[in-house]
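Report on one structure; see the data block that follows.
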Amino acid sequence: MSNRIFITGIGTGVGKTITAACVTQALGADYWKPVQTGLLEGTDTQTVRALLSNTTSVCHKEVYCLQEPASPHLAARLENVTIDPALILQQASIIQPPQRSLVIEGAGGLMVPLNEDVFTLDLIRQLQAKVIIVAQNYLGSINHSLLTARVLQASDIPVLGWIFNGDHHSNEEDVVRWSGYPKLGRIPHATVVDANFIALQAKQLMF
Ligand SMILES: Nc1ncnc2c1ncn2[C@@H]1O[C@H](COP(=O)(O)OP(=O)(O)OP(=O)(O)O)[C@@H](O)[C@H]1O
Ligand SMILES: C[C@H](N)[C@H](N)CCCCCC(=O)O
Ligand SMILES: [Mg+2]
């Protein structure tokens, strides 16, 4: 299904949810976080639903909602659950009408395990999704960014490009050059992240 866009990040906490809200808003797409870990501070789905100002986007229910803010394989183990990618794929085909675009957010980065055998990277391939990589600038982010790019290249997974989250840093141009993936946009640091901010940023993304 070519109209699936998977939002991955160079790690956790880099801005995937904020970026997913911008991409969903920009495309008038639907949003889906199949595996949510950590419930105490609310869910990514609740966050995205609150940040969208268009009336067409549907924020679908997660397949797995796990208490522990940890890697999905561990959060599932703590609840005596095993994450089944086949269930996620089945649900994807149910929730996505043929002509609708679906923005899918992963948990953490590419090599986050869903169970003992399947990683987020494998799920992306099985979903036949194209990837947007969210990067944030911090000391160590060049390595995390290029590791992510190298794994995607080696896995032959189609990548739409980078969205950089946070204020501009020269690393952006370096990571674009070394990875060969285009820059789709940048989401500046905001003092208040609300629907107006998301709607404004959505207009500036270069799809
Ligand atoms: N551009 C921004 N301006 C201000 N705050 C931001 C920005 N981007 C992210 N944040 C804040 O940083 C935190 C982490 O962002 P976010 O939840 O989008 O990360 P994530 O990659 O989705 O994390 P997870 O792996 O847990 O899903 C959130 O509190 C979010 O509101
Ligand atoms: C709990 C947090 N909100 C994320 N969704 C889960 C991040 C898992 C990261 C696992 C790891 O890379 O060590
Ligand atoms: Mg998130």
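In case you wondered, yes, glycine gets a Cβ from its N, Cα and C as well.
Gly13 (ATP binding site) falls outside any helix or strand according to DSSP and counts as coil. Under the heading ATP binding site, TrEMBL lists Gly13, Val14, Gly15, Lys16, Thr17, Ile18, Asp44, Glu105, Gly106, Ala107, Gly108.
Marked as Mg(2+) binding site by TrEMBL: Thr17, Asp44, Glu105. Cβ neighbours of Glu105 (Mg(2+) binding site) (same chain, under 8 Å, six or more residues apart in sequence): Phe6, Ile7, Lys16, Thr17, Ala20, Tyr31, Trp32, Lys33, Asp44, Val48. Taken residue by residue with DSSP, Glu105 (Mg(2+) binding site) is part of a strand.
The active site annotation in TrEMBL covers Lys33. In this structure, Lys33 (active site) belongs to neither helix nor strand by DSSP; it is coil.
Feature annotation from TrEMBL assigns substrate binding site to Thr37. Other Cβ atoms within 10 Å of the Cβ of Thr37 (substrate binding site), summed over all protein chains shown, number 26.
Surrounding the centroid of the Cβ atoms of Gly13, Val14, Gly15, Lys16, Thr17, Ile18, Asp44, Glu105, Gly106, Ala107, Gly108, where the record places ATP, the chain contributes additional residues within 8 Å, namely Ile7, Gly9, Thr12, Thr19, Ala20, Val134. Gly106 (ATP binding site) sits 10 Å from Thr37 (substrate binding site), taking the Cα positions as reference. The Cβ of Gly15 (ATP binding site) lies under 8 Å from the Cβ of Gly9, Val134, Gln136, Asn165, Gly166, Ile187, each of these being in the same chain and 6 or more residues away along the sequence. By the rule that a residue counts when its Cβ sits under 6 Å from some atom of ligand 3, the binding-site residues Gly13, Thr17, Thr37, Asp44, Gly108 yield Thr17, Asp44. A helical conformation is recorded for Asp44 (ATP binding site) in the three-state DSSP classification. Put simply, Thr37 (substrate binding site) is 13 Å from Gly13 (ATP binding site) when counted between their Cα atoms.
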